[in-house]
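*Asks:* The following block contains the structure, expressed as structure tokens.
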Amino acid sequence: MTDTNLDILSLTDPAIAGILQKELQRQRDHLELIASENFTSAAVMAAQGSVLTNKYAEGLPKKRYYGGCEYIDEAEQLAIDRVKRLFGANHANVQPHSGAQANFAVFLTLLQPGDTIMGMDLSHGGHLTHGSPVNVSGKWFRVVQYGVSPESERLDYDLILDIARKEKPKLIICGYSAYSRQIDFEKFRAIADEVGAYLMADIAHIAGLVATGHHPNPLPHCDVVTTTTHKTLRGPRGGLIMTKDEELGKKFDKSVFPGTQGGPLEHVVAAKAVAFGEALKPEFKIYSGQVIANAQALAGQLKARGIKIVTDGTDNHLMLLDLRSVGMTGKEADRLVSTINITANKNTVPFDPESPFVTSGLRLGSPAMTTRGLGETEFIEIGNIIADILLNPGDEALRTACRQRVAKLCESFPLYPHLHISVPALA
């Protein structure tokens with residue numbers, strides 16, 4: 001997205017231009033703490049808003065069903081080569097439109113309807129696509145679930161092994177949407193081998209940390225790895241499938257196209273290539289390390305202020321606040337922090353007595369605001385702001401002061417200062 005493109009948009013469709021302007025301002029004025037969100041670079045947005053959006057390209061590089069794909073092939077092959085280098089994969093498919101699409105392509109390859117899959121309970125930090133009854137994964141397959149220990153709130157690998165021995169799943173899924181500790185992929189491999197299961201890692205949340213060595217890499221231990229390309233990887237919204245097994249990789253390719261998708265979104269694939277190129281640079285490794293340092297600073301300060309952190313801390317980019325410690329629900333906290341321009345999301349905590357629509361938790365993450373340049377000092381201040389508002393929900397004067405502190409942080413670390421959207425006045 002460039003100023004030129006925005007100028008054209010403001011002239012041809014001022015209504016949409018106006019909406020974009022409002023959203024840009026919202027992003028600039030808020031502390032974005034949703035763990036699954038990030039701010040892409042201007043280069044990623046430029047690729048995604050490019051002429052590649054005009055081209056159909058069913059198939060793979062050098063194996064297309066349409067003519068005129070020679071430059072599309074170059075862009076997609078560059079994305080493939082870069083991501084294989086980034087993660088150490090032997091095979092990669094960069095075409096899935098989303099992480100959910102990537103997961104379903106894997107299921108289509110490895111499973112038949114009625115087969116048993118084993119993933120983490122959604123309420124413990126799993127994901128909808130890992131067997132939730134409201135998702136196709138929970139409708140087409142027999143699902144068994146594992147969770148965390150009631151005492152430590154961490155993965156209990158002995159219990160996971162016991163469940164696997166009893167249920168004999170065909171596929172075991174590890175990788176989560178709300179788990180703040182490192183995953184031992186080697187232990188999962190041993191469990192899968194004992195029961196004869198495939199092992200899949202969904203690293204959508206931690207991909208950027210894996211790419212830079214700040215989290216163990218699942219590829220040496222898993223049959224297949226899926227991920228989104230946004231979140232900690234800081235690319236466009238999309239999905240990705242990787243494996244060390246090239247023959248299995250060819251089967252995944254067929255499950256993406258023609259199995260679950262038609263034409264790929266090659267403008268998004270090009271944006272993925274840009275993001276993978278950025279992630280290969282030394283600066284991105286520094287960024288990933290700062291993401292973790294900032295998350296730990298935030299969790300530490302909230303804990304110091306008396307707010308319970310699930311698992312008592314974090315090893316990655318996110319944390320879960322158990323708000324029973326302050327007599328509040330996740331829904332209430334979500335609404336409360338939004339009044340001071342902090343964006344977060346309510347989330348279940350392990351063994352949560354509340355419904356998923358209310359919850360006892362609030363999920364926070366550091367990737368987006370780390371991208372804006374905030375460091376540990378600023379995240380400690382964010383921790384104090386959040387603690388102040390959660391511990392004093394009825395103090396209007398304090399709420400006003402907290403909103404001003406948020407505004408000061410946002411002004412000190414501007415977002416996309418080069419972007420300007422001028423919207424003509426409507427008659």
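The backbone N, Cα and C atoms fix where each Cβ goes, and this holds for glycine too.
Annotations per Swiss-Prot:
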type	residues	note
BINDING	Leu122, Gly126, His127, Leu128, Glu247, Ser355, Pro356, Phe357	(6S)-5,6,7,8-tetrahydrofolate binding site
SITE	His230	site 'Plays an important role in substrate specificity'
MOD_RES	Lys231	N6-(pyridoxal phosphate)lysine
*Asks:* Would you work out the biggest C-alpha to C-alpha distance among Leu122, Gly126, His127, Leu128, Glu247, Ser355, Pro356, Phe357, the residues that bind (6S)-5,6,7,8-tetrahydrofolate according to the record, and give it in angstrom as a whole number?
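*Replies:* Per the listed residues, the maximum Cα distance equals 43 Å.
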*Asks:* What does the structure give for the C-alpha distance between Glu247 ((6S)-5,6,7,8-tetrahydrofolate binding site) and Lys231 (N6-(pyridoxal phosphate)lysine)? Integer Å is fine.
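*Replies:* With distance taken Cα to Cα, Lys231 (N6-(pyridoxal phosphate)lysine) is 29 Å from Glu247 ((6S)-5,6,7,8-tetrahydrofolate binding site).
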*Asks:* Quiz question: given the binding-site residues Gly126, Pro356, which has the greatest number of C-beta atoms lying within 10 angstroms of its own C-beta?
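*Replies:* Per the Cβ count within 10 Å, the most buried is Gly126.
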*Asks:* Determine, to the nearest whole angstrom, how far the Cα atom of Gly126 ((6S)-5,6,7,8-tetrahydrofolate binding site) is from the Cα atom of the residue listed as 'N6-(pyridoxal phosphate)lysine'.
*Replies:* 16
*Asks:* Please identify, among the binding-site residues His127, Leu128, Ser355, Pro356, the one with the smallest Cα-Cα distance to the residue listed as 'N6-(pyridoxal phosphate)lysine'.
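*Replies:* Going through His127, Leu128, Ser355, Pro356 one by one, the Cα closest to that of the residue listed as 'N6-(pyridoxal phosphate)lysine' is His127.
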*Asks:* Suppose we draw a 10 Å sphere around the Cβ of Leu128 ((6S)-5,6,7,8-tetrahydrofolate binding site). How many other Cβ atoms does it contain, all chains included?
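*Replies:* Other Cβ atoms within 10 Å of Leu128 ((6S)-5,6,7,8-tetrahydrofolate binding site): 16.
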*Asks:* Sequence gap of 6 or more, C-beta under 8 Å: which same-chain residues meet both conditions with respect to Phe357 ((6S)-5,6,7,8-tetrahydrofolate binding site)?
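*Replies:* Residues satisfying the criterion: Lys331.
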*Asks:* List the Cα distance (Å, whole number) between His230 (site 'Plays an important role in substrate specificity') and His127 ((6S)-5,6,7,8-tetrahydrofolate binding site).
*Replies:* 16
*Asks:* Which residue among the recorded positions His127, His230, Lys231 has the fewest other Cβ atoms within 10 Å of its Cβ, if you could check?
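*Replies:* Counting other Cβ atoms within 10 Å of each of the recorded positions His127, His230, Lys231, the minimum falls on His127.
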*Asks:* On the three-state reduction of DSSP, what should I expect for Glu247 ((6S)-5,6,7,8-tetrahydrofolate binding site)?
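*Replies:* The three-state answer is helix.
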